[in-house]
């Protein structure tokens, strides 16, 4: 404000009066500078009365009235000065100040510019003009005003610092930095410039330089409040919490009632884990500034951390009452609603937060997470990408986007996201765990184990990582601290169930651990409830279902839902069933949840079902369920359960009146939306019905089925070469199989038929005997040619016009035959030598994945091998990294390494066929061989099992019961060992049991898909009749034997 009283008008008064006027003018000026405006005005009025035309006095009066907010009086005296001297630039500038204060910015700017035209070197005019231009939004004009002032006086370090502030606000950080540096060069002790320069470095991410400059500012000016606050803020962001606290406390010593500083200090306490102290400090900030939404929001965060969720919710709501557009409170309140299960309200709040603040990265990420939970994967992906666009170093968003991409089957995209999250934040435990899961699903178990362990080092209390690590260790048979691991895993599940959290153990893995039946059922139930949560957001009204078959011309419509219509064990088991249903009474729909894999398995189901619908092309669960309902399905069959590719949300929507679990999942769904589980008396005894959420629906023999007779008919017959027999004919040293086997044998001379006695069924293998005819090729030139082909690794030879192929070369001869899609057309030779198996030993085998082996199972096997000296155990490298662990534990149990032989995993046809080479299969009691059990039994190899308490541990007993081989089912560990030892030491007994299995696989119902389909139809009709009569689902444990097609 121009207020000079210099250059007063000339006077003819005596010298004494002149001095008196001059002295009074100087006194008034000093009083003005000191802020004593009342005294300054009083003395100026004396001067004005003495000299009413003195422009210096008029300017000072204008300035005094301006400072006292008497704008009209200020304008009056400026106008008087202009009347006295129309060229007085300071008067125009003072008048501009009045206009600016009144908000009349254009008038103010015009007066400042007029002042500068009158006096081009008028520094205050430039400064005032710059301020007005900033207020008017003309930033570039303001910059030019400051530059003009500095051209006249380059040493104005305050003006240069102000110019730096303006440039910083414009984002021109390098130019701002140059201004601050020049100001410091001009005045090294100018604390404000040091602090401002610290702000620039902070904005540029140069944290340590920012800290240095803020510390320099407070050193120069120990009472510089803003510098202490800035220092505290940057130390807080750098997570140097102790020094941040010290800076904030110093600021509070300068300004004890500074609410924002109290709030920032509380944030540091919160980050330090001093939750109670943080809460108290937030409350102090609110006490000082009751209308402080940030403090309420942060207080709520601390209260939530302490577990006071209801109080936290109140605080978020208070913050929103104070500021309905407080984005952080909207976002954080949404988090609470989400945790409470109020998903729709959470979505509404997240969307509101984004309306208020579209560039809110955390809200985008949180909304995306909920959308992913609802199955809206594309929309979720869009919001994750927005979050990352806004915040390119947002590690959480990268990690969560990886989860979405993983669910969308984009494994490479997920891998890139997790890797990027870890690059941004190497200490991000969740990202390490997610990366581990990708490795786990890809079969890279060692990498998965390493990543899970890294996650647990970073975050020791991490149930998901611990339980997944436990599963990985189970996969590779790493039993280090096994008992302790199992105890901890059980305690984790117990705590999670008690707190109503989603358990970290997957339902499909629960059978591997010593969990109670109640826990296993509860784990499945939680996953079933997740499906309900996903479909509830669709707000679909319940479907209306028919009570009769009028609309389907009296036929029962059955819908099979699976992601495994293709090259998958489930299709290997049931692919013929859709085409075997009675077309007069059943209409079959197959709903594929996965795209066409191009295999014959898919083609067969597509061709033989009445209707085949690819639901993978309808990703929306609501629309897919609509399609099922429109098809008028009466019984909808869930063949996935909680296995990969499942869409249980379809069943949660209940598009069919009856919904049943069948075949593909070895356990209960735990879901209210599944009515029945198709099982049998051996697998699911009625006395354990409480283990299931579904009602038990019994098949008369076994619920399990295999399509082996259709896929592998060439294994119905076999011939052997009499190789090193020493008078004893073995049926599993060198074996020939083929569709044309009989014709080939007829072309050979000297083929002998050896009669193999075998029990004729029943519990007692010695009760009665029948003979099986086994062709034996003697050692002659033909046999020698076959053996030479094997020894030399030849792919195929021709004998008497028949193609004889090496059993290891089926993939090279016919890949579709190797996968089981076609029946091999050649005679295939399978030998023990191909797999490094001893010719003269008893070969026990197990072809399951290694995760089904536990320490107690390996101990039983070791005991058996010790009791049968000339014996070996044949396992698969499934996975290969498990082999050294098994070998090490076996050696610790006293077994030499050569007693366990490992082979690689083989294509399906070879896998089934080579099972003939083993003498006995030793089943895994923890989780039986299900499909592999059927495979080995079709190969004619006896399987010893010991049923446990879970469905998964009783399937083999069900298969053997159906086969009529009860003598192979043990009731205890000791009996299991004794059965296996008797088979390994009593060769006549072994021969009889092998003959029985070889015969019964053809004559029993186990592999009879036509009979099985008829029995299944009868069960479906029971379900329908029960429903049509108006009854709720109930156990169906007295199935009717089928004598003719239902």
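Glycine is treated like the rest: Cβ placed from N, Cα and C.
Cross-referencing 487-503, 504-520, 521-537 with Swiss-Prot places the feature motif 'Nuclear localization signal' at 487-503.
Annotated pair residue 931 (UDP binding site) and residue 508 (active site, proton acceptor), C-alpha to C-alpha distance, rounded: 16 Å. A helical conformation is recorded for residue 989 (phosphotyrosine) in the three-state DSSP classification.
For the UDP site, whose annotated binding residues are 849, 852, 906, 907, 908, 911, 912, 913, 914, 930, 931, 932, 935, the maximal Cα to Cα separation is 22 Å. When the recorded positions 20, 399, 849, 931 are compared by the number of other CB atoms within 10 angstroms of each CB, 20 has the fewest. Under the DSSP three-state reduction, residue 849 (UDP binding site) is assigned to coil, being neither helix nor strand. Each residue contributes its Cα atom, and for residue 508 (active site, proton acceptor) and residue 906 (UDP binding site) those atoms are 25 Å apart.
Following the DSSP three-state reduction, the secondary structure of residue 906 (UDP binding site) is coil. Beyond the repeat 'TPR 13' (463-473), the same-chain residues lying 6 or more positions past its ends with a Cβ under 8 Å from any Cβ of the stretch are 429, 432-433, 436-437, 440, 445, 448-449, 452-453, 455-456, 479-480, 485, 488-489, 492-493, 496, 504-506, 509, 512-513, 851. When the CA atoms are compared, no recorded positions among the candidates 454, 849, 906, 908, 935 lie within 10 A of residue 399 (O-linked glycosylation site). Here residue 908 (UDP binding site) comes close to 572, 818, 819, 820: these same-chain residues lie at least six apart in sequence, with C-beta atoms under 8 angstroms from its C-beta. The Cβ of residue 454 (phosphothreonine) has 20 other Cβ atoms within 10 Å, all protein chains considered.
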